[in-house]
């Protein structure tokens with residue numbers, strides 16, 4: 001929508017308010033404003049609901065691959081199929097579940113919370129079975145493929161309604177933004193918890209690196225060497241004094257601990273958050289799946305926002321996914337990389353309140369430009385300066401600041417897009433879950449691209465699984481993956497954000513127009529009640 005058309009729309013809609021003020025409307029509006037306010041307890045309970053997604057995501061992301069190879073003892077080819085199909089299936093289910101959630105009827109618990117309640121027990125069971133090694137040798141691939149995809153589906157049934165719940169806990173933009181900041185802080189804390197719980201329990205069972213025999217042509221035969229090495233793991237002892245059965249038990253204990261946290265967070269969310277019925281008004285008409293997609297994807301501001309964050313998210317995923325390998329092999333900090341990753345997550349958690357203050361003070365678009373670009377100088381520094389632990393910690397802290405912005409800003413700006421859609425389409429309601437599910441779909445799509453690009457590039461460079469050292473080509477590839485490629489993607493994303501039309505002025509106008517719509521609805525309800533009493 002052009003800027004002139006938007007101004008006309010705001011001006012024309014403002015004419016609707018030139019009418020006598022009804023005292024009942026003023027009283028009801030005051031009560032509505034009071035109900036829209038969220039207590040700190042409400043915000044914390046809502047924020048806790050975001051932890052399971054991050055905790056399980058970190059555990060699966062960091063440990064599932066090595067678990068399938070070294071503990072379940074699968075062939076690397078089958079392990080790669082399980083990981084790829086699981087991620088692809090996870091991405092596909094998001095818009096489907098989002099569509100189903102958008103058609104869900106209102107219940108006494110709300111429309112989003114029942115999805116969270118009923119998906120949790122099944123998700124916990126399927127997650128635990130991912131970390132169990134079945135007795136049947138020939139059925140392992142099917143076992144892990146089924147339960148990995150099943151867990152991803154059930155996790156989607158939890159996460160998509162939870163993401164859309166932002167629109168239903170309050171109708172006030174400031175309250176939603178504040179709740180989102182609480183949520184992002186807890187989610188970053190969830191990444192720390194997931195890495196710490198899984199890492200501390202199974203860390204002692206991790207296999208040591210295997211030295212490369214002199215004379216091996218690792219540059220030209222790195223891929224074949226990695227495959228052979230992966231098969232060699234099946235016939236060797238994982239670590240002195242540790243048996244394979246003990247390692248299997250450690251993984252099951254870790255999964256049990258994470259399942260307990262998952263259930264606890266779901267219970268806190270369900271009993272600590274009240275879904276607003278006023279925000280969950282049914283749609284005026286039911287649409288097919290493809291009609292809903294067309295309506296949502298036809299909203300220009302949403303498409304520009306998603307495309308911009310698609311590139312910036314891909315940049316940070318490349319950085320995060322390869323930074324541990326970069327620290328271990330390129331920088332040589334094998335014994336310090338866990339602390340370096342911890343600094344990144346802690347910095348992100350500590351700086352989210354700062355970004356919440358910044359976007360409130362200077363606007364969300366300015367926060368996007370400054371937040372995502374703040375990490376660029378340090379990305380350049382870490383690959384240009386000779387290996388230095390202090391500089392690496394500085395770069396890690398700066399990367400955490402950028403990660404905080406990448407965590408907070410998309411979820412803070414998505415409600416603005418939904419509000420803008422509701423202003424332009426006042427008769428079309430109930431599509432919030434589709435908006436959120438498609439954003440999650442695109443971020444997972446970016447994650448799949450990141451995994452594919454990283455793995456393929458390292459394979460071509462001659463990466464050796466569990467090798468103590470790596471060829472020079474691998475070092476160069478890792479530098480590209482943590483510096484040059486993310487910087488280019490961030491710049492593309494920032495260029496796309498220039499066309500994002502919802503600035504602070506338009507956001508405030510949307511807020512006023514939505515408030516007028518709600519007051520008009522309250523006025524209509526009051527008139528209908530008075531007419532009924534007269535009859």
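These residue numbers are counts, starting from 1, taken along the chain as shown.
Glycine residues also receive a Cβ, built from the backbone N, Cα and C atoms like all the rest.
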Among 286-305, 366-385, where does TrEMBL put the label transmembrane segment?
366-385
With a Cβ cut-off under 8 Å, give me the same-chain residues at least six positions beyond the ends of the transmembrane segment (366-385) that come close to it.
308, 312, 315, 319, 355, 358-359, 391-392, 394-395, 398-399, 401-402, 404-406, 409, 413, 479, 482-483, 486-487, 490, 493-494, 497
Please determine whether the transmembrane segment (44-66) and the transmembrane segment (250-273) are in contact (criterion: at least three Cβ-Cβ distances under 8 Å, sequence separation 6 or more).
yes
Beyond the flanks of the transmembrane segment (141-169) by 6 or more, those residues with Cβ under 8 Å of it
38, 42, 46, 49-50, 52-53, 56, 64, 68, 72, 74, 78, 81-82, 85-87, 89-90, 93-94, 97-98, 101, 110-113, 115-116, 118-120, 122-123, 126-127, 129-130, 134, 175-176, 179-180, 183, 266, 269, 273-276, 279-280, 411, 414-415, 418, 432-433, 435-437, 439-440
Compare 113-135, 309-333, 392-413 by their Cβ pairs under 8 Å to the transmembrane segment (340-360) and return the stretch that comes out on top.
392-413
I need to check the long-range neighbours of the transmembrane segment (309-333): which residues 6 or more away from its ends have a CB within less than 8 Å of a CB in the stretch?
61, 340-341, 344, 372, 375, 379, 387, 389, 392, 396, 399, 402-403, 406, 409-410, 439, 442-443, 445-447, 449-451, 453-454, 458, 469-470, 474-475, 478-479, 481-482, 485-490, 492-494, 496
For the transmembrane segment (250-273), could you work out the same-chain residues 6 or more beyond its ends whose Cβ comes under 8 Å from its Cβ atoms?
41-42, 44-46, 48-49, 51-52, 55-56, 59, 63, 67, 71, 109, 113, 116-117, 120-121, 123-124, 127-128, 130-132, 158, 162, 165, 169, 193-194, 197-198, 201-202, 204-205
